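The structure appears right after this line, and notes come after that.
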Amino acid sequence: MNTIFIIRLIASFVVGGAFIAVLSLIAERVNKKIAGPILALPSTVAVSLFFIALTTSTKTIAEIAPTSILANGVTQIFVLTYLYTSKVSIKKTASIAASASLALIVWFLLAVPLAIYKFSDLWIGFAGFTLAASLCYYFVSIKPRVISEAIKMPFTRGEVLTRALFGGSIVALAVLLSKLLSPFWGGILSSFPGVFLTTLIILHRKHNSDFLFRTFHNIPAGMFVTVFFTTAAAYTFPAFGLTGGFLLAYLVAIVVLGVHYAIFKRTT
């Protein structure tokens with residue numbers, strides 16, 4: 001690895017961590033009913049794809065976007081697995097360990113083959129994500145008859161730092177594996193649920209399973225924001241270059257979030 005790549009790797013860690021910290025602080029201060037969707041704004045994915053494109057090429061994003069999108073569907077299954085495992089009546093420490101372990105096992109079993117076989121069909125990836133999101137929405141939002149509430153999600157400075165360090169590490173690892181193995185490994189790692197994992201554990205330590213369900217009530221819908229960013233990036237990065245492609249793709253994500261919030265306000 002040359003000096004330039006090492007500098008970019010360090011930058012990806014710092015920028016990724018800072019991005020996540022900022023979103024965490026914003027989510028703590030906005031209308032609590034949309035805290036979940038705010039946390040689902042492209043953070044790890046966005047920074048990972050930016051630095052993967054920087055270290056490889058912008059055309060790489062079009063190749064790995066389907067992998068990242070379908071891996072985001074797997075992340076929905078991760079959240080679903082954690083939430084339902086947390087309902088098992090055991091001691092809090094054991095519940096957190098069991099929920100996190102089982103959810104991670106499920107994620108790796110479903111996501112790793114996408115990198116191994118270099119999955120690259122954009123529309124099948126989008127369809128797969130939609131199916132996973134629909135299942136997650138039914139089992140997280142409809143079946144438990146969850147009522148959306150204005151739930152406060154205060155993070156201590158230590159918790160924000162933990163989320164930032166973990167998220168930044170995932171971004172850096174995604175960039176590193178894109179260089180050492182193949183960009184497809186970066187694609188799945190860009191969608192690794194590190195931010196969700198730390199958030200779930202932090203909240204699970206303080207609250208019960210019902211609180212987790214209420215908090216993550218809107219995550220299935222909110223994660224479409226990230227997927228629209230990735231889908232847009234598959235076209236904007238090759239067409240408009242690194243900076244222009246990133247900004248346009250993120251603009252798409254912001255518009256989708258705005259539409260989601262407008263619909264949410266009318267239905268609550």
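Here the Cβ of each residue, glycine as well, is placed from N, Cα and C on the backbone.
Here is what TrEMBL records for this protein:
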- 6-26: transmembrane segment (TRANSMEM)
- 38-58: transmembrane segment (TRANSMEM)
- 64-84: transmembrane segment (TRANSMEM)
- 96-116: transmembrane segment (TRANSMEM)
- 122-140: transmembrane segment (TRANSMEM)
- 160-178: transmembrane segment (TRANSMEM)
- 184-203: transmembrane segment (TRANSMEM)
- 215-237: transmembrane segment (TRANSMEM)
- 243-264: transmembrane segment (TRANSMEM)
Against which stretches of its own chain does the transmembrane segment (64-84) lie, if we need a Cβ under 8 Å and a gap of at least six residues from its ends?
45, 49, 52, 99-100, 102-104, 106-107, 110-111, 114-115, 118-122, 124-126, 128-133, 135-136, 139-140, 183-184, 186-188, 190-193, 196-197, 200, 209, 212-213, 216, 219-220, 223, 226-227, 230-231, 233-234
Can you tell me which recorded stretch out of 38-58, 160-178, 184-203 has the most Cβ pairs within less than 8 Å of the transmembrane segment (96-116)?
184-203
For the transmembrane segment (6-26), distant same-chain residues with Cβ under 8 A (at least six beyond the ends):
38-39, 41, 43-44, 46-48, 51, 54-55, 155, 160-161, 163-165, 167-172, 174-176, 195
Is it true that the transmembrane segment (122-140) and the transmembrane segment (215-237) have 3 or more Cβ pairs under 8 Å, skipping pairs fewer than 6 apart in sequence?
yes
Remote residues contacting the transmembrane segment (243-264) - C-beta distance under 8 A, at least 6 residues beyond either end:
33-34, 37-38, 41-42, 46, 49-50, 53, 58, 61, 218, 221-222, 224-226, 228-230, 232-233, 236-237
Surrounding residues of the transmembrane segment (184-203) on its own chain - C-beta under 8 Å, 6+ positions past either end:
20, 39, 43-45, 48-49, 52, 63-65, 67-69, 71-72, 74-75, 78-79, 82, 96, 99-100, 103-104, 107, 111-112, 114-115, 118-119, 153, 155, 159, 162-163, 166-167, 169-171, 173-175, 177-178, 211-212, 215-216, 219
